[in-house]
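Novice: Before anything else, here's the structure in question.
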């Protein structure tokens with residue numbers, strides 16, 4: 001769990017090699033980058049709010065790896081973490097985001113009119129479509145490091161801003177601590193609410209402290225636009241609906257997100273952003289757009305095909321189990337989404353998903369007929 005600086009000072013009584021974590025069995029990005037020399041160089045540093053190197057890496061020390069996805073193994077505790085510990089974060093970001101260099105600049109495009117097609121993904125295969133991102137409010141620590149007071153202030157600010165949304169975005173806020181166990185579980189099962197904080201990544205990084213204090217979900221009346229408050233990020237903004245109309249989902253996402261940003265600005269708050277990293281979020285895997293456009297897609301044949309992982313890789317897509325990051329696929333249904341977050345715009349990422357999903361459906365249909373798919377295997381995007 002996050003420590004104060006007095007604890008860090010105490011640790012400096014021991015030589016760096018005595019404090020260096022045992023990463024010999026680890027398979028995450030942090031463990032690939034962190035050497036005893038780098039640890040020695042950075043361990044005495046801290047951000048203005050007191051976040052230290054050990055706070056950054058703890059989740060990756062406690063969680064050696066993941067069977068489906070190469071985890072990042074570190075978190076930021078505030079906006080300054082990415083700068084103070086850049087010797088660690090920069091190579092991790094480059095590794096995780098396909099060679100994204102410290103000198104590269106990120107691009108943003110939240111104009112849904114720039115998306116080609118996407119309103120006709122076959123609903124016989126695509127069960128639901130979803131676009132999400134995260135946003136952090138400048139001036140507050142991020143969830144691994146924020147205090148109870150900060151968390152409550154973020155909740156208050158967010159609820160005030162969201163209550164100003166109108167039209168088809170109008171809705172209400174449900175605080176986690178005022179929900180019954182059954183209500184909570186129903187929302188989780190329907191994929192509307194974040195899981196209880198059982199994920200070891202959440203626990204080891206300190207994001208689950210004081211749970212469920214100041215956590216909750218805001219959603220519009222027909223549950224197609226949702227905002228999670230104070231889970232892994234200050235805000236997670238989600239647009240979702242049944243079926244394959246990704247264009248509609250993305251349009252609602254862009255409109256809602258733009259309105260939320262305007263509402264925060266009217267209260268003199270802005271989102272953490274810089275030209276190099278785009279939108280700043282807790283996990284380095286979400287930097288840039290923070291955007292994950294995904295579909296729940298039925299691929300009973302392709303899902304078992306030996307070429308499936310390679311096809312996804314070439315399309316710059318990734319698969320998760322039906323229930324999310326820590327789960328397996330049920331009944332041939334996969335959660336397929338863009339693998340990238342940084343170095344591509346929002347529109348480009350959603351376009352990759354739309355185009356890729358169409359090809360996956362074509363392959364599935366071929367396999368249903370007992371035909372080969374070799375000629376459909378794409379080149380690397």
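Cβ from N, Cα, C; glycine included.
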Novice: Could you tell me which of the ranges 96-123, 152-179, 180-207 is annotated in Swiss-Prot as region 'Disordered'?
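Specialist: Of 96-123, 152-179, 180-207, Swiss-Prot gives region 'Disordered' for 96-123.
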Novice: State the residue range annotated as region 'Internal MTS-like signal' by Swiss-Prot; the candidates are 67-75, 76-84, 85-93, 130-138.
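Specialist: The range carrying the region 'Internal MTS-like signal' annotation in Swiss-Prot is 130-138.
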Novice: Please work out the number of neighbouring Cβ atoms within 10 Å of the Cβ of residue 320 (ATP binding site), leaving out its own Cβ.
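Specialist: For residue 320 (ATP binding site), the count of other Cβ atoms within 10 Å is 20.
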Novice: Counting each residue once, how many in the domain 'Phosphagen kinase N-terminal' (11-98) are helix, strand and coil under DSSP?
Specialist: 42 helix, 4 strand, 42 coil
Novice: Run through the region 'Internal MTS-like signal' (130-138) and tell me, per DSSP, how many residues are helix, strand and coil.
Specialist: 0 helix, 7 strand, 2 coil
Novice: For the recorded creatine site, whose residues are 72, 232, 285, find every other residue on that chain with a C-beta no more than 8 angstroms from the centre of their C-beta atoms, and list them by sequence position.
Specialist: 71, 75, 201, 281, 282, 283, 284, 286
Novice: Give the three-state DSSP assignment (helix, strand or coil) for residue 128 (ATP binding site).
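Specialist: For residue 128 (ATP binding site) - judged by DSSP and reduced to three states - the answer is strand.
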Novice: Any idea of the Cα spread of the creatine site, 72, 232, 285, as a max distance in Å?
Specialist: 14
